[in-house]
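Visitor: The following block contains the structure, expressed as structure tokens.
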Amino acid sequence: RLRYLLLSLWLLHGTDSFYVPGVAPINFHRNDPVEIKAVKLTSSRTQLPYEYYSLPFCQPGKITYKAENLGEVLRGDRIVNTPFQVSMNVEKKCEVLCNLPNKAITLTVEQSKLIAERIREDYYVHLIADNLPVATRLEFYSNREEEEKKKEKDVQFEHGYRLGFMDGNKFYLHNHLSFILYYHREDVEESQEPTYRVVRFEVIPQSIKLEDLKADEKSVCTLPEVTGSAPQEIDPTKENQLLFTYSVHWEESDIKWASRWDTYLTMSDVQIHWFSIINSVVVVFFLSGILSMIIIRTLRKDIANYNKEDDIEDTMEESGWKLVHGDVFRPPQYPMILSSLLGSGIQLFCMILIVIFVAMLGMLSPSSRGALMTTACFLFMFMGVFGGFFAGRLYRTLKGHRWKKGAFCTATLYPGVVFGICFVLNCFIWGKHSSGAVPFPTMVALLCMWFGISLPLVYLGYYFGFRKQPYDNPVRTNQIPRQIPEQRWYMNKFVGILMAGILPFGAMFIELFFIFSAIWENQFYYLFGFLFLVFIILVVSCSQISIVMVYFQLCAEDYRWWWRTFLVSGGSAFYVLIYAIFYFVNKLDIVEFIPSLLYFGYTALMVLSFWLLTGTIGFYAAYMFVRKIYAAVKID
């Protein structure tokens, strides 16, 4: 088994590095223009992205924004052209960026204050060239032996470049950018002109004082010696004069175009711990095996005892779950809300399964900017037909009659909560003039998708689900409900949630760290092979824990399992919430009110969605189990 597990992990790891590129490669000839575009400014301290020209950077003659997909808009990307003039394989020593050569730019007090504030908030600037994001190279010595330290440095890359830095209470702006672009020379026939492809985009940001930058009328400048130059200070209390300059250096690289994203995808300073992942997989399968064995052995013994013809009365007295056979399928309170939540859970399950599977095959790579979020939004809308079908069929099984109201509840309950929270958070982001605020036309488009695609599909699915034969329950329900004996303390709902959540959370908390880093620290997440494996383990562990918990509940002669199973199976969402608070306190440097509100608002949505997902998985597993065991015993 371990050999098969290791083989599957190796195959999944192989999947991580393979992807179908989002765009076709662009071939450049020498002197062809390579357009540098700006994406946004980001900070993990404020979680509020801003568009590039929210700061007084040099602007081109005409500003053009790229048409963006839904995912890019929701991420806060505002891709715009910049005045950087870069040509393929043409070096530039130093050039003044703005149109006026030899004349310094004067920043007003307000602009100086804004730049100083953004530097204090630790903002990064994100540029792209040929759809490749810019990265800053970081070199450092690892904890090796002293002899090795002298020879070799470890290299890592961080996304974008820092807007500036602080020294004491002084602010310094990075006003000179040294671009280093790597190209791969393509194989062509001798008679043809050589073609090149951009395979890496690096920047070395520098802060150089105005007096040290000597510029002439042709916009050409001279950089000072590294040792003798002073940085460009930004004083927020007065006007500041400075020059924006840049240089371009080209280097040939062996990296092929298909592998050019590898540099960016290995940026994380915490490498995946193979041992930890294999360990969690083995522990989960081991525990699952033990639970299954105990349940199956105990059940066989129970069913054999119940089906004995003799001593039936003695058996009935000492037994547990057969006693409640006349009440176990009694419809619960609020069947419409239960079936609506389960319908949304089915919608989420189908959407997440397809997104992770497609991303694992490499079709939603980071080069297709915003594709993951766009796909997830559209899939959730279209999966409404499955959510409606399962909700409608369950609602009919629970003796519900108002199918139209049930369908409306399914289509609006969970999406309504999500939309409400997002709208409130969006108002706060609007107040900050951040590019992360969803524009009004996009919000209208999302509402049209919700009421024009999702709602009709949910109604369609609900109609067919409600018309279909209800689930066949193997035993009849008594007229008078049975009295429930007093329960032990460990049968309490909250104790059940705590117990049931540990195993599924243990299976996924390693991946959770990387997902949180991708969301809150602007990292790329690409380990969808591992995520798919973790998702399968999550489904298995949720199902088994749910079956164990419902078995213990029925043995204690408590037949109110419908809602309880749904709540208890989502117990791992409680641990996700605890982990999110731990991550906020220990990993993030957020101190202001609005960033904190955004973090906990979006975390609440994640926890709610995760509870619906795991609760639905557990509920259906428990329902199948309950129908199976009561079908196996003879009922007089």
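Cβ coordinates are placed from backbone N, Cα and C, and glycine is handled just like the others.
As annotated in TrEMBL:
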type	residues	note
SIGNAL	1-17	signal peptide
TRANSMEM	274-296	transmembrane segment
TRANSMEM	340-364	transmembrane segment
TRANSMEM	370-395	transmembrane segment
TRANSMEM	407-431	transmembrane segment
TRANSMEM	443-466	transmembrane segment
TRANSMEM	494-520	transmembrane segment
TRANSMEM	526-554	transmembrane segment
TRANSMEM	566-585	transmembrane segment
TRANSMEM	597-626	transmembrane segment
Visitor: Would you confirm whether the transmembrane segment (566-585) and the transmembrane segment (494-520) meet the contact rule of 3 or more C-beta pairs below 8 angstroms, pairs 6 or more apart in sequence?
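Guide: When sequence-distant Cβ pairs are counted, the transmembrane segment (494-520) touches the transmembrane segment (566-585), since at least 3 lie under 8 Å.
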Visitor: So which residues does the transmembrane segment (443-466) touch in its own chain, when a touch means Cβ under 8 Å and the partner is 6 or more beyond its ends?
Guide: 70, 343, 377-378, 380-382, 384-396, 403-404, 406-408, 410-412, 415, 419, 423, 426
Visitor: Can you work out which residues elsewhere in the same chain, 6+ from the ends of the transmembrane segment (407-431), have a Cβ less than 8 Å from its Cβ atoms?
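Guide: Contacts with the transmembrane segment (407-431): 48, 336-337, 339-341, 343-344, 347, 384, 387-388, 391-392, 437-438, 443, 446-447, 450, 454-455, 458-459, 462-463, 594, 597-598, 601-602, 604-605, 608-609, 612.
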Visitor: Same chain, outside the transmembrane segment (494-520) by at least 6, Cβ under 8 Å from its Cβ: which residues?
Guide: 44, 47, 268, 270, 272-273, 276-277, 280-281, 283-284, 287, 527, 530-531, 534, 537-538, 541-542, 544-546, 549, 564, 567-576, 579-580, 583, 587-588, 599, 602, 614, 618
Visitor: Are there residues at least six beyond either end of the transmembrane segment (526-554) with Cβ under 8 Å to its Cβ atoms? List them, or say none.
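Guide: Same-chain contacts beyond the ends: 8-9, 11-16, 265, 272, 277, 280-281, 284-285, 287-288, 291-292, 295, 298-299, 320-321, 324, 328, 352-353, 356-357, 359-360, 364-366, 491, 496, 499-500, 503-504, 507-508, 511, 514, 561, 564-565, 568-569, 572, 614, 617-619, 621-622, 625-626.
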Visitor: Looking only at residues six or more beyond either end of the transmembrane segment (340-364), which have a C-beta under 8 A from one in the stretch?
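Guide: Contacts with the transmembrane segment (340-364): 12, 15, 18-20, 371-372, 375-376, 379-380, 383-384, 386-388, 390-392, 394, 406, 409-410, 413-415, 458, 462, 528-529, 531-532, 535, 566, 609, 612-613, 615-617, 619-620.
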Visitor: Are there residues at least 6 beyond the ends of the transmembrane segment (597-626) whose Cβ is under 8 Å from a Cβ of it, and what are they?
Guide: 47-48, 328-329, 341-342, 344-346, 348-349, 352, 414, 417-418, 421-422, 424-425, 428-429, 471, 500, 504, 519-520, 538-539, 542-547, 549-551, 554, 561-562, 565-573, 576-577, 580, 584, 588, 590
